[in-house]
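Reviewing the structure listed below.
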């Protein structure tokens with residue numbers, strides 16, 4: 001079971017027993033029963049005593065509103081299954097010199113957090129409800145793991161007695177598992193998911209911005225390119241018209257200016273070849289050439305009119 005609220009004691013017990021054996025209501029009932037037993041013991045000294053009145057004013061030591069339950073509640077809950085808790089670092093247990101790998105399970109507590117370390121099949125697992133999944137613990141690392149917990153301030157309890165059969169234990173009796181990646185703490189996973197969402201949101205903003213201003217920029221570039229293309233087409237059309245006008249003018253006035261202007265051989269209409277069709281040649285520009293063509297065209301019209309008049 002993964003952590004829900006502060007019900008780590010409930011998750012610890014159910015992970016130990018590998019089933020939905022205890023609910024918060026059942027553990028609360030055990031806690032209330034323990035509170036009543038403590039009240040009755042305190043009342044033996046007199047219900048009017050200062051100690052008794054002080055006890056009544058104090059909150060329960062076996063549970064609180066956050067869902068925390070005491071070691072007494074856990075111990076009484078396990079007695080229903082014939083299980084007993086022994087403090088791991090107690091002198092009585094240490095004198096037994098039992099190798100931890102020969103035990104079946106441990107319950108660990110630090111402040112208000114509880115979790116189970118249990119052997120399933122032939123392998124040990126950290127069933128901490130704050131992890132995203134079970135963490136495999138090797139036999140050689142188990143003793144070091146427990147020692148590290150003690151150094152960090154954890155209280156460790158050995159679970160004595162026969163645990164109920166479970167499917168996971170039966171399956172892992174036949175196979176061994178390998179774990180490639182250590183499970184993360186739930187807080188780390190949530191932080192990572194939140195960070196991924198933030199990055200995704202930032203990326204979406206960038207993409208949206210690019211879809212907006214970027215598309216506008218692309219549209220502006222496209223418009224400029226089209227405008228330039230139209231200008232080039234217009235210039236090409238003007239040049240073609242100019243070439244045709246000059247060619248027609250030259251053809252219309254060829255008999256009148258044949259003695260004054262040298263002819264090109266095989267005129268192809270190429271604009272560059274026209275430079276050689278006029279006496280001033282390289283010194284003439286496009287406007288000069290156009291003016292000359294218009295002048296020649298007018299001369300041709302006048303000559304034709306004169307000829308028709310004579311006829």
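Backbone N, Cα and C define each Cβ position, glycine as well.
Unlike curated records, TrEMBL annotations are generated automatically.
Since the structure is predicted, the reported quantities are computational estimates derived from the model, not experimental observations.
The active site annotation in TrEMBL covers 8, 113, 128. According to TrEMBL, the active site, nucleophile annotation covers 8. Residues or ranges marked as active site, proton acceptor by TrEMBL: 113. The annotation domain 'Josephin' is assigned in TrEMBL to 1-174.
Location within the structure of each feature annotated in TrEMBL.
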residue	record	CB count, 10 Å
8	active site	24
113	active site, proton acceptor	17
128	active site	25
**Request:** Could you pull the average pLDDT for the domain 'Josephin' (1-174)?
**Result:** 93
**Request:** Round to the nearest Å and give the CA-to-CA distance linking the residue listed as 'active site, proton acceptor' with residue 8 (active site).
**Result:** 6
**Request:** Express the distance between the Cα positions of residue 128 (active site) and residue 8 (active site) as a whole number of Å.
**Result:** 9
